[in-house]
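Comments concern the structure below.
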Amino acid sequence: MKRPASLIPTGRALVDLLFVLALGTVAMYGFKDTFHGWTYLLAGVLGLVLGVLLAHLAVELAQPVVVLALFVVVAFFLLGGAVAGPDSAAAALPLPGTLVDLADQSVHGWKELLTTLPPVDGGPLLALPYLLGLLAGAGTLTLARRLRSAYLPLLGALALLAAVILLGVQHADDLAVIGLLSGVLGVAWVVIRARWQSSTVNIGSRSRSRVVLGAALCGAAALIAVFAGPRLPGMGEERVVLRTWVEPPFDVGQYPSPLASFRKHTKDYVGPEHLKLHEKPLLEVDGLPAGTRVRFAGMDSYNGIVWGAANDSGTEPGNLDTFRKVGSVIDNPATETGGKEVEATVKVLEGYRSVWLPEAGALTGIKLGQGLDDQKDAFRYNLATDTGVLPGGIQPGDSYSFRAVLPDGDLGKGLQTWSGSLPGVEAASRFQSLAGQLAGTAETPLERVLAVAAELKSQGKYTDGGSGFEQFRPGHSLSRLTEFTAADRQMAGNDEQFAAMMAILANQAGVPARVAMGAQVPKDGIIKGKDVHAWVELRAADGTWRTLPTEEFMNTETPPQQETPEQKKLVAGKVIPPPAPVRPPSSAGDPVEDSLDRLDQHRDSSFQIPGFVIAFLKYVVLPLVLIAGILGLIIWAKRRRRALRRTRGTPATRLALAWRDLLDHARDHGHAVTARATRREQATAIGVAGFNDLARGADGHIFGIEDPTDEHAKTYWDKADALREEMAKPLSRLARLKVAVNLASFRRMEGSS
């Protein structure tokens, strides 16, 4: 005799369900270092619970796997918006926009996760653990309930564990714990299921001893793997995960180099009035000690035209030197060398408009505030250069805060430097002989770099290109730097030329060097244009970058003022050359400013929904909508089943299905019905007036001498409809609703095959 179906799992079904939940939860824990906080675990476990419940219902209601797959898809889209940390009530509701976003996350979310620097805040990406939980829960329990094999159901749990390992990041200790727990749970589940398949009801002492011995051996093997595995040969190799093979899809080269616009910060800048930033306040910084270097951008690539920020300069393994999406918490490996922890708040003032986000040290966290909150998913950060980019740009009035570690950036005496040069400076190989000439007899790489810096400072003069002096054009292209170092001309320029040239010569001297642009925080915390400088950073042997201050390689003395013809002594027969012409302000403007002008047009100033309205929609309206959706789905399924029974098959089949539909309706009313009884016995058990007549009518048509016609089937269905209406008359509206959404008729009838 087959056991009756049960919507509440019991016995072996409950054991399978609990093991699936336990194995899935352990696997989901593997996302601990990938996501920030514990919301990912809630999303994943919720997906697991829904998945196993849907799989259990599909088995109990004798539904095919295709129907289960449909249930999983509906659950993902119905609850996915609410699970994935919505920023608004609209995003939590299963509206068209939310459904499109969920569909996009299900297809492309894995790549976005892999290209985001962990730990990830979550948000839309929480749809991934939720989806994985749904699939793993439904798939694993389906294998366990539909197959007799003791081992095959474990494949679902192992697939989930493999997906978490490939998509996430794990430390060795956490991975060992996850592997140990998964191994113990998996072995225990296999042993229990194997015992169920035993033909002997009561296991003897010998069988029980074999089970205990097998479990003990598996536990010992797991412990050996945890403690001895890391010490075995070959374990030092880097673990392969998808994150190391996916290239972050971000093109930082589309943004102008900030060094190319350095001259607008100088005193005598000749250009449009709104671009003269020397005396304008740029940033208000609170929380950083005076003298701290605030970095606008680190530039580690030279293409012969400008120093710029590279996406994968080749200086770091993997994708550590790429611009990657980050969350509010940043796991920065640069902090492992130690340093001073700081928390700072920055307010953007009238003089700063750029895509480059000023910050200090190695970031460990960031929070975008006023004016920037809508760009939190767009922020990109480069761990190698400590440089941040906001594609939408920042402008006056914006604010943000960050946490960082200020490392020891001093060169120090006897510092061992990294050997070689940056991969991206081959274009400047023409200056190799000049580097050797300026280095003189210096021996070590650092001594050669310092000797070059001293020569640049002694030979060079400072000029910002203003009127009254010989005109030196801006820029730091190969032609400009060749002119800058020409033997027949005065070496003159500002931070742009000196820093660019110093970094090139340092690379040619055998020490990797890059250019950084920013400012040192004044005592009052207000950074003005005159505080902005460019400096050079050298790579030490331990992989850190040390600062070579601007004053080490640039002379701040200005070149002699050019004499006008009136000041010169007139000599007979000698032609007096006119003074060098002063270039008029460029009509082209600044490339950074021009790009930001276009970005400003897209700033959104739309109406904001009050918080209490969002809370009401999210915590009151949304649950009611979800409940209504589920109830509506049940009612629709019953109507669809009824319509198919009425129209499919021969007249005799439709008559039989009409009686079956009446029985299902009676079951929804709470009547107990068994499939082993005859129609008349079933009608007597139900005890409702009218059932006996319809039972005799069905038997007469089906077992009669003549086959029933379409008219007979239609008449019988009409009588069944009338009986349904009679059963509903004495009920209240609430009682009718309970009958309409009762799931009893979806269960297998007791005694059915």
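Numbering starts at 1 and runs along the chain as it is shown here.
Each residue, glycine too, has its Cβ placed from N, Cα and C.
TrEMBL annotations: computationally assigned, not manually curated.
Note that this is a predicted model, so its numbers are computed, not measured.
Quick look at what TrEMBL lists:
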type	residues	note
DOMAIN	21-407	domain 'Protein-glutamine gamma-glutamyltransferase TgpA N-terminal'
DOMAIN	433-546	domain 'Transglutaminase-like'
REGION	575-596	region 'Disordered'
TRANSMEM	12-31	transmembrane segment
TRANSMEM	37-58	transmembrane segment
TRANSMEM	65-85	transmembrane segment
TRANSMEM	125-144	transmembrane segment
TRANSMEM	151-169	transmembrane segment
TRANSMEM	175-192	transmembrane segment
TRANSMEM	212-229	transmembrane segment
TRANSMEM	612-636	transmembrane segment
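When Cβ-Cβ distances under 8 Å to the transmembrane segment (125-144) are tallied for each of 12-31, 37-58, 65-85, 151-169, 175-192, the top count falls to 37-58. A Cβ distance under 8 Å defines the sequence-distant neighbours of the transmembrane segment (12-31), meaning residues of its chain 6+ beyond its ends; these are 6, 40-41, 44-45, 48-49, 52, 56, 59, 129, 132-133, 136-137, 140-141, 144-145, 153, 156-157, 160-161, 164-165, 167-168, 170, 174-175, 178, 181-182, 185-186, 188-189, 192-193, 196. Break the domain 'Transglutaminase-like' (433-546) down by DSSP state and the numbers are 46 helix, 26 strand, 42 coil. Under 8 Å from some Cβ of the transmembrane segment (151-169) lie the Cβ atoms of residues 16, 20, 23-24, 26-28, 30-31, 33-34, 110, 113-114, 118, 128, 132, 135-136, 139-141, 143-144, 175, 178, 182, 186, 189-190, 193, 241-243, all in the same chain and six or more residues away from its ends.
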